[in-house]
Amino acid sequence: MKKIGVLTSGGDAPGMNAAIRAVVRNGVYRGCEIIGIKRGYEGLLNGQYTEMNLSSVADIIHRGGTILGTARSEEFKTNGGRNKALEFIKKVGLEGLIVIGGDGSFKGAQELCKLGVPTVGVPGTIDNDLNYTDYTIGFDTAMNTVLDAISKIRDTSTSHERTNIIEVMGRDCGDIALYSGLAGGAESIILPEISLDIEKICEKILNGIKRGKRHSIIMLAEGAGSAIDLAKSIQDITGIETRTTILGYIQRGGSPTAFDRILASKMGAKAVDILLDGEENKVVGVNGNDIIAKDIDMALKTEKRFDKSAYDLADILSR
Ligand code: ATP
């Protein structure tokens, strides 16, 4: 294999650039030509690309976002769209493709595999919603961004003796809320994976006040409901002033943490090795300290496991 394409797709995540850099640098090291596809699958079907070399990925390892751009492409979900992409792949002579993105992007990669394009997925999403890998690229940075926000909101909540609900991203997966809540000492964590018990949350707030607590932080995963509605209910039940902070897109930006840069570097390089070893239709992941490769069909089939023990621990430690 001499010519490999790389694209980033879906929501951007800190560390995508470090992954692109690893693909390009390891690809060149192993004697390949690397083609960067712009704007994800949208660029693939519209023929938007750039030839990449060692210099094109200089000075990006520490930058958030993705130098290739990303998009959500409705056209690629159609047979017509995918055929346009296939025509482009043939025209440019791509022999393999590396897709950096989340589960939706992997479904797109799976479709390309069916069309005979050797494709390897690299998990780039802040959501950490893929079961086959311990971590996705961007999750650690997003979690640290949230943790910084929790500390700041805690200061003002204490001063005003308020309850504050912090809504974070993650789609249907509660990992950002769960682990930043555990790390930040949140009093309660509300997740899509666990049914909401508002009476228990309010009781915990009132018990905390009885023993001298001057604030309560409640983490809310976006897939578990509306922060504004929840604040109103909590304030009505407890009588404590309850404010909301919806963190939004700051969670997707910023310089990647060392953890995400290392993960992205290892995974991006591994994706190239997989293609050059003649394997295909795989996704790269991490299991403990090992970088692993799983069959893409199997990876997408398994439901994300919920870490109930972390949830229970956060509850015990915040009483
Ligand atoms: P994130 O987790 O950050 O949202 P993602 O990769 O899951 O990232 P999606 O918007 O779900 O983001 O998917 C990205 C793109 O992948 C879509 O815009 C579409 O082009 C392609 N895609 C998603 N699902 C499919 C599918 N079933 N078949 C073909 N292509 C798909």
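Keep in mind that glycine also has a Cβ here, set from the backbone N, Cα and C atoms.
Going through G5, G11, G15, G170 against TrEMBL, the one listed in the ATP site together with R72, S73, G102, D103, G104, S105 turns out to be G11.
D127 (active site, proton acceptor) falls outside any helix or strand according to DSSP and counts as coil. If you measure from the Cα atom of D103 (Mg(2+) binding site) to that of R252 (substrate binding site), you get 17 Å.
Look at the binding-site residues M169, I250 and count other Cβ atoms within 10 Å of each Cβ; I250 has the fewest. Checking the recorded positions T125, D127, R252 for a CB within less than 6 Å of any atom of ligand 1 leaves T125, D127, listed in sequence order. R252 (substrate binding site): 20 other CB atoms within 10 A of its CB, across all protein chains. Between the candidate recorded positions, D103, D127, the densest Cβ environment within 10 Å is the one around D127.
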